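A.B. asks: One structure coming up, written as structure tokens, with questions to follow.
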Amino acid sequence: MTEYKLVVVGAGGVGKSALTIQLIQNHFVDEYDPTIEDSYRKQVVIDGETCLLDILDTAGQEEYSAMRDQYMRTGEGFLCVFAINNTKSFEDIHQY
């Protein structure tokens, strides 16, 4: 089975974990709980082929920025998340 590594990046508090948990568990988390790093796996069908998504939910806080290089080397796909009510989170997305 083909495996894809998806890395979810963006500023702290923009909803990376909420989006990830919605995808994995079909449940929306509405309480903010800062993430350092969480990893999830889900079997999905992409272009008619059953695949395994290995999803890495990353920390957005600046103090964890040193870990980003490792994420960028191992990731095969990236989901850049920003908050529509936080212009700075959109302007800063290029950092990821």
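Placement of Cβ uses the backbone N, Cα and C atoms for every residue, glycine included.
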A.B. asks: From the ranges 32-40, 41-49, 59-67, grab the one Swiss-Prot calls motif 'Effector region'.
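C.D. replies: Within the set 32-40, 41-49, 59-67, Swiss-Prot attaches motif 'Effector region' to 32-40.
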A.B. asks: Would you mind giving the whole-number mean pLDDT across the motif 'Effector region' (32-40)?
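C.D. replies: Mean pLDDT, the motif 'Effector region' (32-40): 77.
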A.B. asks: Between D57 (GTP binding site) and T2 (N-acetylthreonine), find the distance joining the two CA atoms and give it rounded to the nearest Å.
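C.D. replies: Pair distance, Cα basis, whole Å: 20 Å.
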A.B. asks: Report, as a single number, how many Cβ atoms besides its own are within 10 Å of the Cβ of D57 (GTP binding site).
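C.D. replies: Neighbour count, Cβ to Cβ under the 10 Å cut-off: 24.
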